Amino acid sequence: MKALDELTFDNRFARLGDAFSTHVLPEPLDEPRLVVASDAALALLDLDPAVAQTPVFAELFSGHKLWEEAEPRAMVYSGHQFGGYSPQLGDGRGLLLGEVYNAAGEHWDLHLKGAGMTPYSRMGDGRAVLRSSIREFLASEALHALGIPSSRALCVIGSSTPVWREKQERGAMVLRLAPSHIRFGHFEYFYYTKKTEQQAQLAEHVLNLHYPECREQPEPYLAMFREIVERNAEMIAKWQAYGFCHGVMNTDNMSILGITFDFGPFAFLDDFDAHFICNHSDHEGRYSFSNQVPIGQWNLSALAQALTPFISVDALKEALGLYLPLYQAHYLDLMRRRLGLTTAEDEDQKLVERLLALMQNSGVDYTLFFRRLGDESATLAVARLRDDFVDMAGFDAWADLYKARVARDGEYSEEQRRVRMHAVNPLYILRNYLAQNAIAAAEAGDYSEVRRLHEVLTKPFEEQAGMEQYAQRPPDWGKHLEISCSS
Ligand code: AMP
Ligand code: MG
């Protein structure tokens, strides 16, 4: 275990030079205080959980103090936002403080979001509010606990600094961790500005640090792109299987590592709804729940375009062709497991689709359905669950197919079925209304609810004593919350 002043820095991105980022110092928040910290994220830096309680911790992650070896930089990138190209984006309110490596040799970017204005702030104030910082913190740690690749969050620091959004709020900072903060948009920036030399430097950097195994391949860049395609297919399959809606899948929000990144008006589905749009400024539904699958491919095509200086168009097209079949294979594999199946049959895809259509029509709670399906034998579970469906005859027909399928799947005890299914079907997810409750308390100065919710979400598959209230459908007020897109 290390003390806070014992972190070991190795700022590889900063060393790429001024064409890639600009030196900017964080602008401190007033009266910093710890809102919440993640012990699991602290462990990634070999830090003792107790350090989060020290005053210097809040000072470090609110811009008051900085390690000598840190080299805070605002990164430049661009990207396609809602389908249109924005030529100049960048860290408008976040700073890469530096890269730290831990005892296991892993590198982690320390990225402070809400750290003040940078050359890329455009019309923004460089700040983040408490509400959106808490949401990013909870989402990062909750997704990770579900086994969905994501950036991580070390802590949220609150303050008394006023920040104007629709109304006056308070500024906060969230410290984000990821092995890299390089986005699809980084490659697009150097491609569209025709800075070929820097683009090659960036490609080398990503290849060497994040895809070293691709070096062994005959065409390393192509191998790297293929790997990015594969990781995105897998990540999005997990989003779809667990009902996660990202909300702003612009290419500047897509990580080059295939991890969930840049949380905005995201949501987990309560009722199953394929057409769900969590982002209220997304009037066309470009980033609706079911559109995330084709948009994943669209975004990869945008990255492919930016890689045309290095890889032939035919090879890029072929690699892009891997996306959908890989997505489908991952998705179906996960959904089979969510249904408690251990073998594969051709008709399984239809079994899943029919179930989802029934859930859609009846507004069935997506998370609780699968959890309850694993509570008891298939026969008993479907008999209990049928009450949730408006089209009971339709559900009965599905249940017959399902029971027959389970019978063909193999012999196992009810206990084996429960253990296996509960290990992939969470009881607790980050429902919008739960986040909202925690945020309301935090805005009033009480951080206990954020901390409790975070604790619960770190073990989403384990039933936790006294935490029943976190495993419920939303109350009426919490069903269709409009989550502000300003953050
Ligand atoms: P986002 O939609 O949060 O991914 O942000 C898109 C772009 O706007 C990024 O370049 C951000 O850095 C920038 N941005 C968002 N909010 C602010 C803000 N409050 N101040 C400055 N820049 C911002
Ligand atoms: Mg962003």
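Note that Cβ sites are derived from N, Cα and C of the backbone, with glycine treated the same way.
The structure displayed is predicted, hence computed values, not measured ones.
As recorded in TrEMBL:
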ACT_SITE  ASP252  active site, proton acceptor
BINDING   GLY90, GLY92, ARG93, LYS113, ASP125, GLY126, ARG176, ARG183, ASP262  ATP binding site
BINDING   ASN253, ASP262  Mg(2+) binding site
Give me the non-local Cβ neighbours of ASN253 (Mg(2+) binding site): same chain, 6+ apart in sequence, Cβ-Cβ under 8 Å, ordered along the sequence.
GLY79, ARG183, HIS246, PHE261, ASP262, GLY264
Which binding-site residues sit within 10 Å of ASP252 (active site, proton acceptor) - Cα, from ARG93, ASP125, ARG176
none
Which binding-site residues out of ARG93, ASP125, ARG176, ASN253, ASP262 lie by ligand 1, going by a Cβ under 6 Å?
ARG93, ASP125, ASN253, ASP262
Using CB under 6 Å from any atom of ligand 2, narrow the binding-site residues GLY90, ARG93, ASP125, ASN253, ASP262 to the ones that qualify.
ASN253, ASP262
Taking all protein chains shown into account, the Cβ-based neighbour count within 10 Å for ASP125 (ATP binding site) is 15
Under a three-state DSSP reduction, the secondary structure at ASN253 (Mg(2+) binding site) is helix
The number of other Cβ atoms within 10 Å of the Cβ of ARG93 (ATP binding site), counted over all protein chains shown, is 22
Once DSSP output is merged into helix, strand and coil, ARG176 (ATP binding site) belongs to strand
Among all the protein chains here, how many other CB atoms are within 10 A of the CB of ASP252 (active site, proton acceptor)?
21
